[in-house]
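Engineer: Sharing the feature lines straight out of TrEMBL:
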type	residues	note
BINDING	79, 178	substrate binding site
BINDING	97, 108, 235	divalent metal cation 1 binding site
BINDING	108, 171, 204, 235	divalent metal cation 2 binding site
DOMAIN	13-242	domain 'Peptidase M24'
Ligand code: MF3
Ligand code: CO
Ligand code: CO
């Protein structure tokens, strides 16, 4: 597996792509309310990326994906296709996944939005999923194996009674949307890649309330939980630095907690 090591010039461009992707999530937040359609949210994101950021919405047309961002509601795990028929309701949990391409480099990030008042369970699911991502990010530094990240995500999620989806993983990112390495969110006991400064990849755990099994809908894209239980996902694009990591897609209002890590 040939894992690209980014040059300083590439890192400079990826920081820009990263802040643009993060800004899309900040921009869309006030629109994610009851009675709006996911199709409308998609077109607001598209306009912003294309006309304000002068960037490219990398999902549009990627492997035939028909929209500019993925929007996955409730039991949709990932790759939800925005639609004017899908109207958000009070209590929905909504993932918006944005990938921008700017100056030949990609950045990929997603977060959850909770519409109105939702259940304690839904809040807890989102909280545990986001914390599992922060745990993994905190482990990133040169010399660490990707396997260690997967191990900690899985352990933390399962300790809290939820399950990790196996079929989709994080990925290297740069000139390509998806490149080496694969970043598994569970422990595959494969020893795995050893991190080096200049590697850039996403971490994007998908966590279900019930079983980890999924099914793909007839549209060929929408991934749902097999048992119709709720699912959450958070994603960041991460640079490995000399002594740790840098979150390239960090949002202005996002504070990353310092977590205690036990193995
Ligand atoms: N953004 C997704 C990821 O995290 C990929 C979406 S591919 C698309 O890797 F075609 F559905 F947009
Ligand atoms: Co990704
Ligand atoms: Co993504």
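Sequential numbering from 1, following the chain as shown.
From the backbone N, Cα and C atoms, a Cβ is placed for every residue, glycine too.
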Engineer: Tell me whether residue 97 (divalent metal cation 1 binding site) sits in a helix, a strand or coil according to DSSP.
Structural biologist: strand
Engineer: Show me the subset of 79, 178, 235 whose Cα is within 10 Å of residue 204 (divalent metal cation 2 binding site); these are the binding-site residues I mean.
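Structural biologist: Cα filter at 10 Å returns 235.
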Engineer: What number of additional C-beta atoms lies within 10 angstroms of the C-beta atom of residue 178 (substrate binding site)?
Structural biologist: 16
Engineer: Spatially, and counting Cα to Cα, which of the binding-site residues is closest to residue 79 (substrate binding site)? Options: 97, 108, 171, 235.
Structural biologist: 97
Engineer: Could you give the Cα-Cα distance between residue 178 (substrate binding site) and residue 108 (divalent metal cation 1 binding site), in whole Å?
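Structural biologist: That comes out at 10 Å between the alpha carbons.
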Engineer: I'd like to know which of the binding-site residues listed (79, 171, 178, 235) lie near ligand 3, counting only a CB under 6 Å away.
Structural biologist: 235
Engineer: Measure the Cβ-based neighbour count of residue 79 (substrate binding site), defined as the other Cβ atoms within 10 Å of its Cβ.
Structural biologist: 20
Engineer: Do any residues at least six apart in sequence from residue 171 (divalent metal cation 2 binding site), in the same chain, have a Cβ closer than 8 Å to its Cβ, and if so which, in order?
Structural biologist: 178, 179, 181, 182, 183, 201, 202
Engineer: Check the DSSP secondary structure of residue 108 (divalent metal cation 1 binding site), expressed as helix, strand or coil.
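Structural biologist: DSSP call for residue 108 (divalent metal cation 1 binding site): strand.
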Engineer: Near residue 235 (divalent metal cation 1 binding site), how many other Cβ atoms are within 10 Å of its Cβ?
Structural biologist: 23
Engineer: Taking the center of the Cβ atoms of 97, 108, 235 at the recorded divalent metal cation 1 site, which other residues in this chain have a Cβ no more than 8 Å from that point?
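Structural biologist: The surrounding set, listed in chain order, is 21, 70, 98, 99, 109, 110, 202, 204, 233, 236, 237.
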Engineer: For a Cβ distance below 6 Å to any atom of ligand 2, name the binding-site residues from 79, 97, 178 that qualify, or say none.
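Structural biologist: Passing the 6 Å Cβ check against ligand 2: none.
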Engineer: Give me the count of other Cβ atoms within 10 A of the Cβ belonging to residue 204 (divalent metal cation 2 binding site).
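Structural biologist: Excluding its own Cβ, residue 204 (divalent metal cation 2 binding site) sees 25 Cβ atoms within 10 Å.
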